[in-house]
């Protein structure tokens, strides 16, 4: 990181020869190394984005040779047809869950950054769910929420009665968002923990000697120290809750009011053959994610992560 | 971190150590969180060891009568085609991870070791692409794969995993900067070509970054559902995720078989996690913070 290429002025005379040499010859060489990566980047990222912009102005069905131009009609439809717009409200459950998840992760990261017996075991237990295959998680929680399943049995232990957790439109999104918290808390937790542990320990020692309480340490040492990571996690959580797909798609297929924006888009494109409308929806989502990212970059300017 | 407290401060050491121990409330919350993580998984393990009649009669917390009843596992592996699934996942994993390592390291080498016109543009192209969530562009990516004639082939998944992974490029880019330029220059003086330098000097030194990418990428591919689901609908092209997903139909009433399928999928992850904990923690930190 410290050594930069360019015309290294500090290099002794012997070195300066190859340096200048290389600078002149660079010409086509780097492009040989970049050819394949750039080709893949163009074909699988830029071409899709550009063609998506184009599809979104048509009423194409994905197969036909004809792609009738409809202008902004698809976009108008997204924002005026309640069924299409409704799915954004479902995201709110996941947004709230995401911030809950961040709070839980931060709590346990702070806790485990202090000396704790079996600390490593708890770290592993909290983190492991994040590594599990999403389909497996979906089945685990279908079993968990099913009538007379794990949750109902637990409730019976304490004298409460069961419930159609996934069948009832009033609870389905809470249940699914809960699964999302279960799945992703571990990642946030480990990243927070890593950030907290990289805070120099003499800061704590000094504050200990000054008689600081735990809370004061958290508030004045830990929180400022992990600000960039909190920013990054918030954006990932927010962008993630806008693009929820896997868990609700596998668990409920979007039934009972658990349809998310991405489920809607996928169904539109691949089940109802409305590629034009689906492209417009995907574009709206892309714009939203980019907006969230931009806001985050403004709120938490992080010189580390972006400077190439 | 707490272990370093023995150093400079003499008398305070003892005090710090005691102050920063967790209290009973802390332990209680940890145990509770541990249970929340484990219980949903443990009951699935219990269910997978029961036969159909036993499963119907029992509650989820009742232990199986025979702890060594692996019939459901046999059903899941044969009827559920989990064997084929592991084979397909392995093939895709090998090709995609190898491809990612070359794409990532070549990009990093070109961008970090050369100064050329449009270098900034190239970097920006990758940076902007990293902001585009793949999930949003599948509608159009699907057409690209279709035009290339790759729909319903393993190549589709391999190309998508290899070609859209910007995070790996960043991991390599970050790491290659810490490799001193003197090494390349010495090799250059000795008459080595740029390719030789990449292949013989840089790539071997990138080993830690390669390990990180193998882990982050390996876990991601093993768990990926969306891409194989969209691009490889054929039964015989089922990977771990899609084959398990198909349990939903034929086994919908047989929770004991589904449970066995889940355990079969989770077990390798658990083993890898237990063996490579440190690498996984570090790798994810490197991957997520780019």
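Placed from the backbone N, Cα and C atoms, the Cβ positions cover glycine too.
Within the listed segments A:6-30, A:31-55, TrEMBL records transmembrane segment for the stretch A:31-55. Segment annotation: TrEMBL labels transmembrane segment over residues A:275-295 (candidates A:254-274, A:275-295). Against the transmembrane segment (A:275-295), stretch A:31-55 shows more Cβ pairs under 8 Å than any other of A:31-55, A:92-114, A:181-200.
Here the transmembrane segment (A:126-145) has long-range neighbours at 108, 151, 165-166, 175, 179, 182-187, 189-190, 246-247, 250-251, meaning same-chain residues at least 6 beyond its ends whose C-beta is under 8 angstroms from one of its own. Counting residues 6+ beyond its ends, the transmembrane segment (A:92-114) has Cβ neighbours under 8 Å at 122-123, 126, 173-174, 176-178, 180-181, 184-186, 188-190, 192-193, 196-197, 218, 222, 230, 233-234, 237-238, 240-242, 244, 260 in the same chain.
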